[in-house]
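I have placed the structure first, in the form of structure tokens, so that the comments after it can refer back to it.
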């Protein structure tokens, strides 16, 4: 069962790389978060205690329901174009993504970890990839959240999750971070009449 | 913390000798030109500057020396930019500070290497540790120290800050900077290279002498071309540092070759010139300041005829000029004569190719003194003789009492150091012994052999008497013969540029003179104004510093490309760094 | 007890923002609060020195608490006048200014939290909070430039910090891997350090140094720094440059202690030296070609962070001592400069170096302070940075990094030249006619003088408290 979920995580991560439109990206992210929720939930059922249930519910509420909803609303409200703005062609994106997959595999081996951890690293790497190679501000936020999803997976794999307090604090941070970034996206849209962050190049040198 | 051996005391005395008259002078110089608060600030900075100078030469360990050294740069910077509204002062200050910091950086490297070898900043401990070092390391230390101090001393090609900083500082500060501050670098060389490191290769001395000759000649040739009175004096300081270093370098060579008496004599000559230069250059800068205050300009092409308006200043300037031109019986003559003597004696005593080396050095020195005389004939003649060339010179006013006292003290010292040479040398032998780390008593110098005997004052009295007699003979006043032109104006006078023309031709290979002519025309046929200028190329600035700066700034401008403004590229940096580190981590 | 108060003060102050209506009242309240906080940080420090076991934190934490309290107190003193001036120039409205104080307090709280928590996960959370809060302070003016700076700041630092989170998890994994137990407690990790798996620790530390290094401003992850520092309000620039960067260095140090104990040898050192050298190189190049006066200072911060990293990398008792002392010295010096430059920028209405002339005439007091600060920053005696830089250089030469020491000096001289070149034009020269001389309010002046005392004193005679705390860190490092 877990293996299928991990496969789902992998596929949704690749799905994010191939998303050409903001909507698709958000949808893939939601999917990824949902798989993460499933994984945590199964862990909890297997005997993680109450706190793990709580974590699972939080994942569900925040990452599957609230954050994607906010972003979708923002896209509608700001009336920005749906296009994500690719810096490189999709074929090249695929090649790089595959290369990153290989590196994640090697890397996971270096740390005496298995395939599941490799997927976690890949989720991070692809999140990073989206942040670097996609022009829109929303893509950067989602990339960041995808990286955090990867970390979440890794944390639950290697150390059975962090202590409850820390986990909650991190959740809170991530959520607040996403909200604040959302506020800044509004400001960018108002001042620059676009959320293409590659246009933010007044400060240089 | 502090150290008072004869060498330190010698420098302490020089510092006080120059700073006291300068301080007296500064009251008259600053008054009326600055606000009361600024004058107070000036005095405060002056006091701090003198204090830091005193600390430099009496610092008891290397770290303390470094702090005092930096404090000295710090105080003098603010004195250079004292006229802080003036753009030229700001530029001068910046150039001064940067050159001084480059030198200090070299010194810091040297000091830290010393600490590394000795594990301590104590002079004696360092000395003991350094003597065990392999030759190569000692060579590196020598080069670091020589160029590190050289930047402060103003040896060519590190001299570029002097002609900027000295003219911009208030004159009493110029006197102190040129007269004393650059000498602390000589102190540093003696203290660190000769006393602490020890002279371990012959080529060290040779290198010092080569740079000394270069400084002498380049300094005086530039001075000859100069028409700003204080810049001229600044270039002349470069020349005189060269002469001092000739003595020091000669001393290093003799020390290595094992001719201790000659080494002692060479050091004597160097130190003698050091104190002489301090005194007469101090005097000349004070005079230049007095001229500046009296007329409002430093451009000697605009001056002339000041001997009538400013009799005191001009007589002091004449005194200083005679001294700096190494004419007997004043002090400059004695020290340059001693230096020449040392090189001739060296050439006679030492065997092999070094004979030629000493001979050449002596020739360079001789040429320098000749040029210096020409330079100061120009400086004095154009500034003080003939008729005023501008309204500013016409309305010149003699300086006040405090300035006169300041100059007077130094003037008396110039005479004293010339006539009392025998007594001075006796003291200098002790100092030189301390500077070379040998007991002065071990070696007896038949000093009278080399020196003009005390009958010189008698000679002076004889000449003065002669002059008096001659002056009483008939004087007739006539008009200058002007080919029947009848309308001679100051514009017909000989100018500084014209005076230096033969030299510009003779040293054309080095000065690279060029002319620019500017015509502004009403029409094709009628020229409204015509300006014609002669310039010389400052080759070190043009070929060395400009290129270096251009190179560094070019590199920096390229580096701006790092900060592209694109957040995606910024994130890419992080990703790339991460990847590279993870890949190359295997090395560990 | 003291620590609770120190942490509670900024929280209470930010809550006070809801009740106090007047800006002046808030400013004064802040001054008092941070004075209290400073006093308690001093008393905590002394208590630690007399009885190390009596507090829940160690000397390293207290060192940073003291540094943060010092700069925060000065910034609180300075803020009142600065905000008034901004309001009078119509840069911000009165209503908006009320937002400033709670954000300021939260920012300081988060930084204090970073240095006092023992749990590495919570430390991460606290560092993330500093980013989130200060992003608003960077984007406070809400114009194109400041929003751009804030966006870059928050995104780049968040990415960095996400990598740091990965590093944190890998450290906890290493702990689980070797001991079987689960913990993110620094003390436990540190005591088990020698048993941790070195391969994992090596990789984990790379993530830590890149992650927190991004927030610390180490090149090539420094890219957000000049933008954020130049756009933030000046008291915030001072906090950013003076202490925020250092809290990230603190985090790196915490992990460095574990990694060093685990790996031994030179792994951590070499990484720190690498990033330190890169930072020096980048800042030396970019300082030369700056047009914006606050950006210039920002690049100089990168330089000093580089020097600090080099100091820790070179290590040894002298190197580490020098680096810690440099951290404090740079914090006070750079804060002073940002305060002074903040006043200058406000009076001239421009950050462009070419359009500011004669600042010493227009702002005699701030100008004088900036003059002193510039020479202090450039490493001139009698100011304190000279001494800490010399310590680091000394350590470099005596520990066999002579070439490194020379390179470091080379860059320092270049930066010195650039700083003197630009600042001599700003400070001296003729004051433009249309500039009205500005008289700083008393608290603002006190802020300068307060910092100046440290700049003048802490080189010649390191204050007993700092000295003791630094020595306790040396003991912690086992040197």
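Glycine is treated like the rest: Cβ placed from N, Cα and C.
TrEMBL labels come from automatic prediction, so no person has curated them.
According to TrEMBL, the transmembrane segment annotation covers C:5-20 (among others). When Cβ-Cβ distances below 8 Å are used as the criterion, the transmembrane segment (C:5-20) is approached by residues 26, 29-30, 33-34, 36-37, 40-41, 44, 65, 69, 72, 98-99, 101-106, 108-109, 112-113, 116 of the same chain, each at least six residues removed from its ends.
Summarising the annotation, TrEMBL assigns transmembrane segment to C:32-49 (among others).
Long-range contacts of the domain 'NADH-Ubiquinone oxidoreductase (complex I) chain 5 N-terminal' (C:51-88) within its own chain (CB-CB distance under 8 A, at least 6 residues past either end) are made by residues 2-3, 6, 10, 23-24, 27-28, 30-31, 33-35, 37-38, 41-42, 44-45, 94, 97, 100-101, 104, 108, 111-112, 114-116, 118, 233-236, 238-239, 242-243, 246-247, 250, 253-254, 324, 327-328, 331-332, 335-336, 339, 342-343, 346, 438, 440-441, 443-444, 446-448, 450-451, 454, 465-466, 468-473, 475-476. Under the heading domain 'NADH-Ubiquinone oxidoreductase (complex I) chain 5 N-terminal', TrEMBL lists C:51-88.
Per TrEMBL, transmembrane segment is recorded for C:61-78 (among others).
With a threshold of 8 Å between CB atoms, the same-chain residues lying at least 6 positions outside the transmembrane segment (C:99-117) that come near it are 3, 6-7, 10-11, 13-15, 17-18, 23, 26-27, 30, 33-34, 57, 61, 64-65, 68-69, 72, 75-76, 79, 83, 92, 123, 126-127, 129-130, 133-134, 136-137, 140, 233, 235-236, 239, 243-244, 247, 250-251. Taken from TrEMBL, the feature transmembrane segment applies to C:99-117 (among others).
The feature domain 'NADH:quinone oxidoreductase/Mrp antiporter transmembrane' is assigned by TrEMBL to C:118-412.
Look at TrEMBL and you will find C:123-141 (among others) tagged as transmembrane segment.
The transmembrane segment feature in TrEMBL is assigned to C:153-180 (among others).
As annotated by TrEMBL, transmembrane segment applies to C:200-220 (among others).
Remote same-chain partners of the transmembrane segment (C:232-255), defined as residues 6 or more beyond its termini with a Cβ less than 8 Å from a stretch Cβ, comprise 60, 64, 67-68, 71-72, 74-75, 78-79, 82-83, 86, 100, 104, 107-108, 111, 114-115, 120, 123, 127, 130, 134, 137-138, 140-141, 146, 149, 164, 167, 171, 186, 204-205, 208-209, 212-213, 215-217, 225, 272, 294, 297-298, 301, 305, 308-309, 312, 327, 330-332, 334-335, 338-339, 341-343, 345-346. Under the heading transmembrane segment, TrEMBL lists C:232-255 (among others).
What TrEMBL records for C:267-289 (among others) is transmembrane segment.
The transmembrane segment feature in TrEMBL is assigned to C:327-348 (among others). Counting residues 6+ beyond its ends, the transmembrane segment (C:327-348) has Cβ neighbours under 8 Å at 63, 67, 70-71, 74-75, 78, 82, 85-86, 89, 233-235, 237-239, 241-243, 246, 249, 293-294, 297, 300-301, 304, 308, 355-356, 359, 362-363, 366-367, 369-370, 372-374, 376-377, 383-385, 387-388, 426, 435-436, 438, 440, 444, 447-448, 451-452, 454-455, 458-459, 466 in the same chain.
Residues or ranges marked as transmembrane segment in TrEMBL: C:360-380 (among others).
Per TrEMBL, the feature transmembrane segment maps to C:400-423 (among others).
Long-range contacts of the transmembrane segment (C:200-220) within its own chain (CB-CB distance under 8 A, at least 6 residues past either end) are made by residues 127, 131, 156-157, 159-168, 170-171, 173-174, 177, 244-246, 248-249, 251-252, 255-256, 258-259, 262-263, 267-268, 271-272, 275-276, 278-279, 281-283, 301-302, 305-306, 309. Residues of the domain 'NADH-Ubiquinone oxidoreductase (complex I) chain 5 N-terminal' (C:51-88) grouped by DSSP class, helix first, strand second and coil last, total 33 helix, 0 strand, 5 coil.
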